[in-house]
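According to Swiss-Prot, the protein carries these features:
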type	residues	note
DOMAIN	4-117	domain 'Response regulatory'
MOD_RES	D53	4-aspartylphosphate
DNA_BIND	125-224	DNA-binding region
Amino acid sequence: MRQRILVVDDDASLAEMLTIVLRGEGFDTAVIGDGTQALTAVRELRPDLVLLDLMLPGMNGIDVCRVLRADSGVPIVMLTAKTDTVDVVLGLESGADDYIMKPFKPKELVARVRARLRRNDDEPAEMLSIADVDIDVPAHKVTRNGEHISLTPLEFDLLVALARKPRQVFTRDVLLEQVWGYRHPADTRLVNVHVQRLRAKVEKDPENPTVVLTVRGVGYKAGPP
């Protein structure tokens, strides 16, 4: 079954280029040029991933992202101009999984999309734990004392990466490669913002974390079991 990408961008020429590239890679695509309409499109089309421009008529991309993330774990990749560095952080804090700067190479875009869609439906049984948090890997389920903790797919992948190697301290660059699929140096703000988002969900007290620990000057590691 072909995976569906929803392109949300009011630049008609860019949206057409994205459609051509993505369809050439085997994806189905739909295009929306308005932020408010994008919310309806996500509910009706149930896309596997959303490519979301920051600057949109109707509702800007940051607000769209925030509303989507309130009730959906659909992967969101922001499209942004190089001058929008402040908005990039706001977008990540609002729930975006990744971002790509315009102008970009089609191969780079496709690689980012595939990285976010990469799932393994045949994962062997694997149960992990960090502190008092339990992780059922093949079921993509996280619980504390039997109560479900809702995570986005990327937040789940980040937690699993840490849990699988509890003695390892992960640099941000290593996490960018293992979780986001980057093969070159990239913006480590991606990691910092997602760790904050993950802590807000899995920690009893995010200001005093026991699940995802910071190793000052190095990176992050899993808390003790």
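Count begins at 1; order follows the chain as displayed.
Keep in mind that glycine also has a Cβ here, set from the backbone N, Cα and C atoms.
When Cβ atoms from all protein chains are considered, those within 10 Å of the residue listed as '4-aspartylphosphate' total 23, not counting its own. The secondary structure of D53 (4-aspartylphosphate), as reduced to three states from DSSP, is extended strand. Mapped onto DSSP classes, the DNA-binding region (125-224) shows 35 helix, 24 strand, 41 coil. Averaged across the DNA-binding region (125-224), pLDDT in this predicted model comes to 92.
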